[in-house]
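Feature annotations, courtesy of TrEMBL:
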- 1-192: domain 'G-protein coupled receptors family 1 profile' (DOMAIN)
- 12-32: transmembrane segment (TRANSMEM)
- 38-60: transmembrane segment (TRANSMEM)
- 89-111: transmembrane segment (TRANSMEM)
- 131-155: transmembrane segment (TRANSMEM)
- 176-195: transmembrane segment (TRANSMEM)
- 215-234: transmembrane segment (TRANSMEM)
Amino acid sequence: MISQGIVDIYSLLSYNFFIVLRVSGLCSDLFWENQPSIAIASFINTYFTLYLRCIGIALISVQRYITVCLFGTKIERNLLKLMMETPPLVLAMIHWSSGFLLTATLLTTSFDIRYDNKEDMNMIVPVKTLSLANLISVISVVILFLICILCYVSVISYIIRSKIAANSTRRQEIRLSIQVAGLLVAFLLVFIYSVGNYVINELRKTSLLYEWRELNPIMFGFLSCVLPWTCLFFNEDIQKRLPRIFKCRRRTLSSSGLLASRASAW
């Protein structure tokens, strides 16, 4: 989940970097003069962050399936031992390298991505390049989404069957599954968007495709923000620590004010 959080932060920062500088006109000259490299980087980064997020959600879903449905089994113990012995950096590298591998397939096509004019800076992508990117996107999203669905259907059916008879560890795992289920809702939106994007592009509905792609910021913004909110509502540790953090801050501010008043008195 830490790697997924880093991906979300990177996605937001990179998206805002390319969009704000391009739309605001602050770097119009830079973008226009270097449009072959900047336009290609922006295009590839869009799909790279999409793949990273989808892979991360699928990995989290599989991990939830293992810890809930296979709880206490030899498989769960061996996998848990393997994850504990594997450095977090290695796990993050596996996550990110998977995104690089999927993105590398886009390099097999020729890129002639450019901007329409210096004022609007709308990106023009060749049909062949866009078709390949959308095809890879829809295939990977559909496969990863099906993995998530199968994992969570198994988790839900297991919870219903077991009647949650449980110890504190089991309840914590189930609560954590509910917490990350918000990502599944976000993934559903990504699934609908990716399939719609592919179908509209294949039908060559250019005007409709531009309107459809306007949903991109809303969808990916929701994908980035859903996990912090579900953590806030369903994570007991965060709920307990937040009041303490604010209390400590109020105490620090009050102590600073008291020291300042004493200093002024002297």
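Residue positions begin at 1 at the first shown residue.
Every residue, even glycine, has its Cβ placed from backbone N, Cα and C.
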Top partner of the transmembrane segment (12-32) among 38-60, 89-111, 131-155, 176-195, 215-234 - counted as Cβ pairs under 8 Å: 38-60
Recorded stretch that, among 38-60, 131-155, 176-195, 215-234, has the most CB pairs under 8 Å to the transmembrane segment (89-111): 38-60
Residue numbers, six or more beyond the limits of the transmembrane segment (215-234), whose CB comes under 8 Å of its CB atoms: 1, 4-5, 8, 11-12, 15, 19, 49-50, 53, 175-176, 178-183, 185-187, 189-190, 193, 242
